[in-house]
Amino acid sequence: MKGIYSALLVSFDKDGNINEKGLREIIRHNIDVCKIDGLYVGGSTGENFMLSTDEKKRIFEIAMDEAKGQVKLIAQVGSVNLKEAVELAKFTTDLGYDAISAVTPFYYKFDFNEIKHYYETIINSVDNKLIIYSIPFLTGVNMSIEQFAELFENDKIIGVKFTAADFYLLERMRKAFPDKLIFAGFDEMMLPATVLGVDGAIGSTFNVNGVRARQIFEAAQKGDIETALEVQHVTNDLITDILNNGLYQTIKLILQEQGVDAGYCRQPMKEATEEMIAKAKEINKKYF
């Protein structure tokens, strides 16, 4: 399960419907061009929290059909609706996903006992492995190392997608849980996270920048910090340009420039303007 995973983008048509042909093209691009080790399906990058249960299921089906046996597949099934999370956990386990993942329950200020109940309910409903999806800056849920330890007492909870800039907590967790998987979740911080011993990374920009992500990861693991830092500098220049132009819209526009039918974003995300399209063309030419 270690390595470089793209947080899978989803192609939508102008009316917000899933563009199945485009989604398959994105998956193929990730596998054939970006050379990723796996796909993290149904996360923030997939605009998951704006989708119906049936739409989520269809995306899980397409990803499995297109990528089965070629790369590892992790299904993000988390939801504030626990019944939906359990339903999706069962659905993706039956499809054959290598692991499931679940974002910490958000919006309502759940206490830790409620969060623990949420995870135990999901993982105890299936014969599978679970990776916690920790992204405090969006969920408002900041778990302590003691709370992670309590969750990790369940052997079926095998790791965490750590999308935070708290490198002290990351170091403490790596030391405390040597047998648990830790995936870095911030693409722009991949080098320091790798130095601290993460087992891999899950990133949105890997949909276009997966090759550089692997270069950073492998160079840092070998102790070649100079090379890793050089590639991280280029990567962060790219990320800065993407963020300044609109994250998901720009990644999709870059893919369009590379011949992939990446489609539109789901409303209420805005449609790319002519200025955004022109800038994305410049970004693609500059970095790829």
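Backbone N, Cα and C define each Cβ position, glycine as well.
So that you can see what the record holds, here are the features copied from Swiss-Prot:
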type	residues	note
ACT_SITE	TYR133	active site, proton donor
ACT_SITE	LYS161	active site, schiff-base intermediate with substrate
BINDING	SER44, THR45, THR163, GLY185, ASP187, GLU188, SER204	aceneuramate binding site
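Sequence features, as recorded in Swiss-Prot, placed on the structure.
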residue : record                                               : DSSP (3 states)
SER44   : aceneuramate binding site                            : helix
TYR133  : active site, proton donor                            : strand
LYS161  : active site, schiff-base intermediate with substrate : strand
GLY185  : aceneuramate binding site                            : coil
SER204  : aceneuramate binding site                            : coil
| query | Here are the binding-site residues: SER44, THR45, THR163, SER204. Which has the lowest count of other Cβ atoms within 10 Å? | reply | SER44
| Rounded Cα separation (Å) that holds between GLY185 (aceneuramate binding site) and LYS161 (active site, schiff-base intermediate with substrate) | 6
| task | Measuring CA to CA, name the entry from the recorded positions THR45, LYS161, SER204 that ends up nearest the residue listed as 'active site, proton donor'. | result | LYS161
| Same-chain residues at least 6 apart in sequence whose Cβ lies under 8 Å from LYS161 (active site, schiff-base intermediate with substrate) | TYR40, SER101, ILE131, ILE132, TYR133, SER134, ILE135, PHE183, GLY185, ILE202
| query | Within 8 Å of the Cβ centroid of the aceneuramate site residues SER44, THR45, THR163, GLY185, ASP187, GLU188, SER204, which other residues of the same chain have their Cβ? | reply | ALA7, PHE186, ILE202, GLY203, THR205
| note | Cβ-Cβ distance under 8 Å, sequence separation of 6 or more, same chain as ASP187 (aceneuramate binding site); the residues meeting this, in order, are ALA201, GLY203, SER204, THR205, PHE206, ASN209, ALA213, THR235, ILE239
